[in-house]
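*Asks:* Input: one structure, supplied below.
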Amino acid sequence: MPSWALFMVTSCLLLAPQNLAQVSSQDVSLLASDSEPLKCFSRTFEDLTCFWDEEEAAPSGTYQLLYAYPREKPRACPLSSQSMPHFGTRYVCQFPDQEEVRLFFPLHLWVKNVFLNQTRTQRVLFVDSVGLPAPPSIIKAMGGSQPGELQISWEEPAPEISDFLRYELRYGPRDPKNSTGPTVIQLIATETCCPALQRPHSASALDQSPCAQPTMPWQDGPKQTSPSREASALTAEGGSCLISGLQPGNSYWLQLRSEPDGISLGGSWGSWSLPVTVDLPGDAVALGLQCFTLDLKNVTCQWQQQDHASSQGFFYHSRARCCPRDRYPIWENCEEEEKTNPGLQTPQFSRCHFKSRNDSIIHILVEVTTAPGTVHSYLGSPFWIHQAVRLPTPNLHWREISSGHLELEWQHPSSWAAQETCYQLRYTGEGHQDWKVLEPPLGARGGTLELRPRSRYRLQLRARLNGPTYQGPWSSWSDPTRVETATETAWISLVTALHLVLGLSAVLGLLLLRWQFPAHYRRLRHALWPSLPDLHRVLGQYLRDTAALSPPKATVSDTCEEVEPSLLEILPKSSERTPLPLCSSQAQMDYRRLQPSCLGTMPLSVCPPMAESGSCCTTHIANHSYLPLSYWQQP
């Protein structure tokens, strides 16, 4: 190219109007709520950009944007144009000098058609109320101190106004299968969780500003939305934020944007930052991580060892603050314990230990490296050393009081925390796999246990601290104590003795009642043992009743004879003229006992019918079983 041609091109470029500002479609959408045709915004409150749209293109120099503060002459703002597809032309003006941008003063702006000498549109605004901040930059995200926590820090493009901005965080799990972008799961809205980053010229903001409670985004469950739909947000007022409730071991994406706080400065939400991804460490509970101390000086941590993988433990101490001062803690190696059987087999647990103190919080991190070389991180819950005191295994002693009734005693492993120690006792029958667990009261040193007689059991005991001063994990179970309960002979002897005592007491009570209260004794005796009736009196009454109900004539039958006998009357001799009495006295008569079966049909006539009234025989035998023997004598 000739030198003169290069000179002309350079001159044309220098003389051409500069494209002073560019307004993106995203900026236009953020200002959609502004109904003014002439729209303005400020990124840092030290600049000002205004624009408007025209449907028809116009020659260069047709329009002019003028501005003026009160009692000042109008000045023109240099314009640049942008072609808008299917719409027209967009005219943009950016104030050239920072001194022309003043806060808290009304600014009068109007658009003038130079050729027609007409005002196209006009507006009065305050620069401090049209803020549209740029998205935060240098966003850093990492796992927090708790499993499922995410710690985010960022820097503001304009640090001078960062104290007058509030921030919004949007995040969600990263889905590698979705090539169009991550699906927004949930957004949280709350107040600040940590204050702004501490700068060299500022005061200790970490100690001055309070911290809000961490949010729980997954408390109500995830809610899937479309990629274009915005959900709720997490609001913060500083350069760091700590959120919780995420799923440990998952990957997340996040974005940030800012807005004037509405108190000192006003405006609209700015655009979202570029997405940042972060991998959260897994929960060390999956490895069975357990840390404890026996002497409040040395801490031992153990976790399950995985096959074909190596692991390493790390720790660091932090002060008790709501917002962490150390954004990027320095992890120290936890000294690994030597294996007792190297090369024989993979141990079940990996162990490491380190020295600690009781003036800071302990954080534990375990890194597991698999055979392909992939590193997986697992984070444990932070703890104080007095919350991880592990007691030695207690000793269990027992003795059988009676059949199936045991008295248990155990020796307290720590006399300095006897009232803060709780126990668990479990037992099972021989040949059974199910354990029954009992929890004695806090601080108990013994108890009783009732088991089935003539059975065999296994008993175990363990202890842990659970008081206001010390806490810790459960100790290991004691060695199984085998118990064989006795038979129920003692119970039978007890019942027999009880019956004897009750019987003797009853006899003594009756004797005492007879001696002290005879009348009550007689009533009690008649109530318990009624007297037998008089048999003679009862029989006599029975005979009288039977005679009254018997017929006047009775028949006597003698089954021993074939011919029925007849009643004979023995008359005296004719020489004896003296009449004999019809019935003599009982003392002068002989009686012959007859069989009752022979008297069934025999008619008896003790008193003849010719006898006078009142001369009936006095020897009336009611049962008709006897007859006078003299009546049967031969004449």
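Don't overthink the numbers, they just go from 1 along the chain as shown.
The backbone N, Cα and C atoms fix where each Cβ goes, glycine too.
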*Asks:* Scan Y171, Y316, Y521, Y591 for the residue that Swiss-Prot records as phosphotyrosine.
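*Replies:* Of the listed residues, Swiss-Prot records phosphotyrosine for Y591.
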*Asks:* Going by Swiss-Prot, point out which residue in K39, K436, K553 is annotated as ubiquitin cross-link.
*Replies:* K553
*Asks:* Name the residue among N298, N623 that Swiss-Prot annotates as N-linked glycosylation site.
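*Replies:* Checked Swiss-Prot: the N-linked glycosylation site annotation sits on N298.
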*Asks:* C301 (disulfide bond) to N358 (N-linked glycosylation site): how many Å between their Cα atoms?
*Replies:* 17
*Asks:* Under a three-state reduction of DSSP output, how is C334 (disulfide bond) classified: helix, strand, or coil?
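*Replies:* DSSP call for C334 (disulfide bond): coil, neither helix nor strand.
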*Asks:* Mind checking which of C50, C241, C352 has the fewest other CB atoms within 10 A of its CB? They're the disulfide-bonded residues.
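*Replies:* With the disulfide-bonded residues C50, C241, C352, fewest surrounding Cβ atoms within 10 Å: C352.
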*Asks:* Within the motif 'Box 1 motif' (528-536) only, compute the mean pLDDT.
*Replies:* 70
*Asks:* Rounded to an integer, what is the Cα-Cα distance in Å between C352 (disulfide bond) and C40 (disulfide bond)?
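*Replies:* Each residue's Cα considered, C352 (disulfide bond) and C40 (disulfide bond) end up 62 Å apart.
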*Asks:* Validating a neighbour-count step here. Other CB atoms within 10 A of the CB of N358 (N-linked glycosylation site): how many?
*Replies:* 12
*Asks:* Of all the recorded positions given, namely C40, C93, C241, N298, C334, which is spatially nearest to N358 (N-linked glycosylation site) at the Cα level?
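*Replies:* Answer for the nearest of the recorded positions: N298.
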*Asks:* Among the glycosylation sites N117, N298, which residue has its Cβ surrounded by the fewest other Cβ atoms within 10 Å?
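*Replies:* Counting other Cβ atoms within 10 Å of each of the glycosylation sites N117, N298, the minimum falls on N117.
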